[in-house]
Amino acid sequence: MMENFKHTTVLLDEAVNGLNIRPDGIYIDGTFGRGGHSRLILSQLGEEGRLLAIDRDPQAIAVAQAINDPRFSIIHGPFSALADYVAERELTGKIDGILLDLGVSSPQLDDAERGFSFMRDGPLDMRMDPTRGQSAAEWLQTAEEADIAWVLKTFGEERFAKRIARAIVERNREQPMTRTKELAEVVAAATPVKDKFKHPATRTFQAVRIWVNSELEEIEQALKSSLSVLAPGGRLSIISFHSLEDRIVKRFMREQSRGPQVPAGLPMTEAQLKKLGGRELRALGKLMPGEKEVAENPRARSSVLRIAERTNA
């Protein structure tokens, strides 16, 4: 039975407003979660509008299946495959907006059985979709020390990555870790300098979660796919929660807004320049939560919303 964990959608109005909803438009909510964004989008669509939602979390799918609306459909899978889902429905190049709310959701963090949080003892899992792939425990038990250190450094920006990786491997040799509390304790013991404002396991849990779920690769693939999926004038509205996510989104929007870069002085005909194509996107800026939203929902503090529009290129 699924527990009813509360989820407050971050930047709800801002993200949906960023899509510039047309009543008869076709939209994608690539991260359904508990449906906050989807329900608001549906409330702004007319009878001819359509919303395709995606999530790889079976609990999110269960929530979505309770929505009885002919304009709405839900897909169980990763949002990185959105181009395939759209092609199957013969909607390539016809999507008017894509919304992505990246990272882990509050219900996932708050449910100890999902294994995402060092604050709650539960199985060391961390998979967005517990039916597929390796759990965090399985990966940590089989990975090389150097690989664990690389993941902690790359995806957690953990300065004690090597020391923590060594402690994890040594502990797993003695007795394999299967609980979140065990990993949190090992990391805390291996961290020589503590941050008084942050639990020592924060960066390790983030890094392992990102690795287990291939989160950054998912984002990069979805962004790349969006260019073929969106109609001219279609919008991208993307919420990030940490610098690694935001860096990818920011770089993508900046590069696609600039268009092909031709070295100064390179002799090219007008036909050759035209063949290179123009700007794929027009960046429309970023928004961050206000003081009121952060006070009501502290998890919103680090969020950044970036919006871009597909050009006619």
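The chain as shown is numbered from 1 upward.
Every residue gets a Cβ built from N, Cα and C, even glycine.
Noted in Swiss-Prot for the protein shown:
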BINDING   GLY35, GLY36, HIS37, ASP55, PHE79, ASP101, GLN108  S-adenosyl-L-methionine binding site
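Here the features listed in Swiss-Prot are painted onto the structure.
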residue	record	contacts (Cβ under 8 Å, 6+ apart)
GLY35	S-adenosyl-L-methionine binding site	ALA53, ALA60, VAL63, ALA64, ILE67
HIS37	S-adenosyl-L-methionine binding site	THR9, LEU12, ALA15, VAL16, ASP29, THR31, LEU99, ASP101
ASP55	S-adenosyl-L-methionine binding site	THR31, PHE32, GLY33, ILE61, ALA64, ILE74, ILE75, HIS76, PHE79
GLN108	S-adenosyl-L-methionine binding site	ASP57, ARG114, PHE116, MET128
Sparsest Cβ surroundings (other CB atoms within 10 Å) among the binding-site residues GLY36, PHE79, ASP101: GLY36
Per DSSP, three-state class assigned to ASP101 (S-adenosyl-L-methionine binding site): strand
DSSP three-state assignment for GLN108 (S-adenosyl-L-methionine binding site): helix
Where the record names GLY35, GLY36, HIS37, ASP55, PHE79, ASP101, GLN108 as binding S-adenosyl-L-methionine, the maximum Cα to Cα distance in Å: 17
